[in-house]
Amino acid sequence: NVTEEKFVLDTLAGCTEYKSILDVVVNAFYVQDGRYCPISERNLYIVICYLATFQLEEIGLQHFSRIVKSLDTAKMQQFLRFFFNDLYLNTWIKDEWSHFYDSVYVKENLIDPLLRWQPKVQQLIEKLTDKLSNRTTTVKTSRVTQPKEFNLTVPKPRAIPPPSPAPLPVLPKRQPVPPSIYKPPKERKQLEEIKTKNIQKAKVSIRSPTCVCKGDPFSLNTLPVQGTILTGREIDLFLPQYLEVVRELVLTQHFEELTKQPQDLIDNIPIKLNTAAILREGALYQRKLEEELKRIENLQQGTGDPSEFLEWQKQMRGKDLEEQLAEIECRRLQGKLSYEEAVLAHQNVIQENKKKADLLREEKAELMHLYAEKRLQEQKEIKELVEQVMEGHKNVKQVKAKTQEYKQQIVQQVSEESGELLRQALEEKEERNRKRYELIQQIRALESAPSIRHKFIDLTETGGHGLFGEMSIVELRERLALLKEAQKAAEEEKRDQIIHEKQAKEQLILDKLDQISQFRAELGRAAALKQEEKKMSQSGERPMKDERILNLQKKIVEKKMERKKQEGLL
């Protein structure tokens, strides 16, 4: 049965997983109430303890009672009475289990369910007690002879479980992580909101009948008729171009607003710097100052000014950057075109797969028919094989009888040999006990002899071990006192040195801050002049798009139209 197999496997896995806490209960049971129970039945008590602790809610009391009644009544009555004792559950069982798991978890998930089931399990224990008393009375009346107890050695009481280990030290509470680390910055959220509003505004302005009026800066010159309402397909075609125009205009306006801001506000933004940042910035400005001085010396010596070459190099890099951007846009559009082609190919593959699926269903029906015929043939062969095996079983009984006689002879020989070996072992053990007793008597005689336990110590004398640098305790204390005084003087000297170094470092940082403020003021003025020159040289013409990009956009529109037609047919 699959259900019974799953139950057995789950029980075995649970007993292995919770072996530590189950061993606590079973070991204590063997020490107290189960002193005379055989150790071979230990696994039986572990399984019953696991079912009562973790599976009683799942299997129910009825199923648990059926399992308990199928076992030995006296053993189960004794173990359940020990395990479901209120005093034991609330005292030492709870404390021992808290060594392995958290005390709150033990109380809520282990102890409280057991206490909740305790009244019903107590009724089961009373039934087992009644059954045991009835069975005992019937057995006594039916017996004719009374057996005599064996003179067995009384087992020694088991050792008391070791005391619970010392509690683990509690670590100090750490400072919690500030919640601002897990929150995204406000600027990102504001940019997302602005982007969403701009897209919604663009869609609304496209659908309105007056969106393409004359003089509108966001009008589309590619529409066939101005002042008309666009359909959904037309919006999908022209929306990317429209959004691109809007984005360029917004970026242009934002750049103009930034350029209109006074340079003093930009330069005078307060920035909090630490020591490392001040030293880094001071080193940067010092390096720039050295480079400028070196350039002036080279000019005095007759070396040419490389500014023209650098300007030409900057223009060439700008052209290369524009070509790279155009190439990236082409690759993006090519990827979009390949996506549309892949969608069309996927639709064709779906139609082919439907045809193949029909063929596979027909082949499967044929294979099932052949498989049924094959199974019938195998069943016939199995029946013939069973008949042959039954004939062979008839001849096995005679062979078993001969084997039984041979085994009895071997057992008789082994019992004789084992008796002789047992006698020799007893003699050897008596000899070892006699020697051990004599040795114990000698040790006790040595211990009873008096010995000098007090020894007088002179702190001014040396140990007399013959070592180099050997000294008395008094001399050692004097040397330690001198060493502490020398160490204290060294610490004072080190403290004064650190204070002087700290003052020198603070003075260096102040000098660096003055130098940085001077360099920043000069750089701000130079940037303002450069910005004015750049405004004069800028042109307001927007670069034309590459012809390759326009051709790819037209192809993508054609592929979309073809894909939508194909979807309508499907």
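Just so you know, glycine gets a Cβ as well, placed from its N, Cα and C.
Per TrEMBL, the stretch carrying the note region 'Disordered' among 121-152, 153-184, 185-216, 409-440 is 153-184. Note on TrEMBL: of 287-317, 318-348, 442-472, 473-503, the range annotated with the feature coiled coil is 473-503. Taken residue by residue, the region 'Disordered' (153-184) breaks down under DSSP into 4 helix, 0 strand, 28 coil.
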